[in-house]
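Novice: I have a structure here, written as structure tokens, and I will follow up with some questions on it.
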């Protein structure tokens, strides 16, 4: 088939209507930069603020296929904090019989029965301890809540700790886009927030270990190559674009080893940090030794660890309790792709070279970013302080200039006792569940996301293979956004140039400049002899 015929077949390509929402709400414990919330950096050596380079459960928009059932979705592929896991280790056969059965009478629908949810709602710990052995504790009710959601929102600590002891999923979101951790932050019990945060990170580590064999097998089957791509960040916030960075990344892949060279260290506080950084993944090493970051300017290296100290966890809890709770959903229900046009008098489909590859350009239509921000747990002082810091950052300031010291937050006074009955809750119309917990203070906004994507049939790497590579380098937050975005059903070809949302106010244009199959000296995947280990070079790894 000729190139012209191929291009004609791609016009007005539309994805299947069955896709639904491909983007789940971003981690609500994150604070989206300039999107109305703020994530403070931890304090490192000498009392200076340090930056979250790899913590993906901050500033995150999560993109994945909508679940086909009410059960929580499967775990996304993320090497650090933001991977979710399945509800528990029970067998599929056991869970198959636990779906609720709706009872219909008089031509109307009666509420489905959720026994685990009911005993959590009523605080029946004894019955819960019995049901927990035979039921799916990660199941969602008709409002999208899991039993853990209800336990946290109602302040039923015993039920919550029992569910966590049986590995109830912490990352799963309800119909409003909130996870149990978000609801715990709203409720304000410090002990519960800490327990959920620790369980979230434990489940993330377990998810990484579970995916490792499949990932190594995929890398081994993929040829050795060199890939170069360019990042250019933009924002519609006045004065912000001038301080946003760009970056040229080089990826080397050999066997089950990957090296990524980058000049962009971080920009989560809106102050671009430049450097000469190399990220090395050694698939032959033990999991605890697999990930290494080299600072090529200072000639030091640090291994990425997953365990956090007690102090680090406590500081993170302080940050969560003093920041807005944020959730963002990129709705793709109405998404479509139409061919971009060029020319003034005689319009024709736009086809241009991107790097070395001929590509067809498409307009991405129907992409809507829906964001929610909650602050019922914050004092007026918290809100004013956060606003002042955000205003400074939007003008090019830096967190370190704020002399920020995290304040040890105490538990909040619990909200008034719940007066809603189980029957009232479960029989409420879907999407209109009576609110449980602290009275909401929530602001919602919607923004249409306009994007362009260039697809090439000439690019030698397939999207599935790219996803395996991006899964390895996902500790870099912006690479994780790219991995999530390309999981959408795209027009034919490989996305050699595309616009992706990174934060609610920031987009990135990613361009694949060069690709070639190649062989490399194995030494580039090892730590140079003259480099010294510095475990505190990147305090947030």
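The backbone N, Cα and C atoms fix where each Cβ goes, glycine too.
Quantities reported herein were computed from a predicted structural model and do not represent experimental measurements.
Summarising the annotation, Swiss-Prot assigns region 'Disordered' to 1-27. Residues annotated as compositional bias 'Basic and acidic residues' in Swiss-Prot: 1-20. Residues annotated as repeat 'ANK 1' in Swiss-Prot: 111-142. Marked as repeat 'ANK 2' by Swiss-Prot: 143-172. The repeat 'ANK 3' annotation in Swiss-Prot covers 176-205. Here Swiss-Prot flags 411 as phosphoserine.
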Novice: Could you give me three numbers for the repeat 'ANK 3' (176-205), the DSSP helix, strand and coil residue counts?
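Specialist: When I sort the residues of the repeat 'ANK 3' (176-205) into the three classes, I find 24 helix, 0 strand, 6 coil.
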Novice: List the helix, strand and coil residue totals of the repeat 'ANK 2' (143-172) as derived from DSSP.
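Specialist: Across the repeat 'ANK 2' (143-172), the residues distribute as 16 helix, 0 strand, 14 coil.
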Novice: Across the repeat 'ANK 3' (176-205), what is the average pLDDT of the model, as a whole number?
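Specialist: Across the repeat 'ANK 3' (176-205), the average pLDDT comes out at 95.
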Novice: For the repeat 'ANK 1' (111-142), how many residues does DSSP put in helix, in strand and in coil?
Specialist: 14 helix, 0 strand, 18 coil
Novice: Where does the residue listed as 'phosphoserine' sit in the DSSP three-state scheme?
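Specialist: DSSP call for the residue listed as 'phosphoserine': coil, neither helix nor strand.
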Novice: Just to confirm: which same-chain residues, 6+ apart in sequence, have a Cβ under 8 Å from the Cβ of residue 411 (phosphoserine)?
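Specialist: Long-range Cβ contacts: 188, 189, 190, 191.
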